[in-house]
């Protein structure tokens, strides 16, 4: 137990995580590409036309994975922020900062693809229903987190302030998820959930899940890339960064 | 395969604008993001390399006359 | 001095973003969380009287007609308990169909006719190929009705 704890803490230090992350990135890229190609192929070439929405429903293969990731990344970000707040581990705050821009991007994509889906199907680019409004608030939470951290020079204080904002904002996630159940919304209910059988044809479902996996792997790869940059930036005065960087220069 | 021709595929049953508008934005952002990060990381590395080299040179210069 | 000004600008920007977010939240919680009222709710007086609001339900089968002027559509929205007639001048969305979900925004007019300024189609969360949908339809109108009322509730 003690030994395992030690191991965990070993990788929790930026110094040992930096090369580890570097080694993991290509693997996650490969997985993202494999799942992405398979999911898009199934979704755009194999999955049948939808009875209600014709070919327009194919936006689902991007919209739902983006929306899932927008919420999931926020939860992971808040998790790391909380760990950093409680245990004062340096790497946790860096992880939270590395995840925020990707989460914001997926939130934007969920809103964008949603608008492009809503216009032909519902008849409106945007409506102020509970699902859409709460997702927009998620976007502002990400932007607020990023802006707040950018506004504070001392990284430790920036991490702390960001963590508090991130944790307060967690309330919004169940609101987004359950909004279609709790209130009358124009947005339809969930097609896929843990509590009931999915209401989608099998090929459509498989394509959507593969795309979601691809987005997930992409997020990990991109967050690891970004966290490496953050580590270098914040630890630039340490001896190991000096060695690391000079070694990289010699290798080139 | 659900398409009879390439133009069928592009038309998306009349929803081409909406489907490709979504695909385009998603593809653009998901390609740009890693490129931007990779560039920023390598710029940071070069900057640090330059800084460390300058520091080392300062050290040796200071030491050499003594 | 410049770095400090930048920091102040960022903080002001951050606060502005948070302010906008808070305003949106309050606005949403105040009035927009109930995106639409059902005909039953309208009948029991839950919907606002003189303000624009939305009603939602199913378009009653066989109720869609075009007025003599050629642009005004008239259809009946039902929640299986109560019904309400809607007048709408404009283009209906692609997914607008009899027997499917609809949300209309507007005001109550003379003779309890709802005069809509915007009509949105509400679709359900079921995705299936046309053959499967047809098989479901053929399985009997009772099952379809049940499914429809189920999807309305969500």
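Backbone N, Cα and C define each Cβ position, glycine as well.
What TrEMBL records for A:32-187 is domain 'Cytochrome c assembly protein'.
What TrEMBL lists as transmembrane segment is A:28-47 (among others).
If you look up TrEMBL, you'll see A:67-87 (among others) marked as transmembrane segment.
The annotation transmembrane segment is assigned in TrEMBL to A:99-118 (among others). Same-chain residues lying 6+ beyond the ends of the transmembrane segment (A:99-118) with a Cβ under 8 Å from its Cβ atoms: 56, 59-60, 62-63, 66-67, 69-70, 73-74, 76-77, 80, 124-127, 132, 135-136, 138-139, 142-143, 145-146, 149, 162, 215, 219, 222-223, 226.
TrEMBL lists A:130-152 (among others) with the feature transmembrane segment.
What TrEMBL lists as transmembrane segment is A:164-183 (among others). Among residues of the same chain six or more beyond the transmembrane segment (A:164-183), those with a C-beta under 8 A of the stretch's C-beta atoms are 71, 74-75, 77-78, 81-82, 85, 96, 129-131, 134-135, 137-138, 141, 144-145, 148, 189-190.
If you look up TrEMBL, you'll see A:203-224 (among others) marked as transmembrane segment.
Note on the transmembrane segment (A:130-152): residues 67, 70-71, 74, 77, 97, 100-101, 103-104, 107-108, 110-111, 114, 158-159, 161-162, 165-166, 169, 172-173, 175-176, 179-180, 182-183, 185, 187 of its chain, located 6 or more positions outside it, place their CB under 8 angstroms from a CB of the stretch.
Confidence annotation: the domain 'Cytochrome c assembly protein' (A:32-187) carries a mean pLDDT of 92 in the model.
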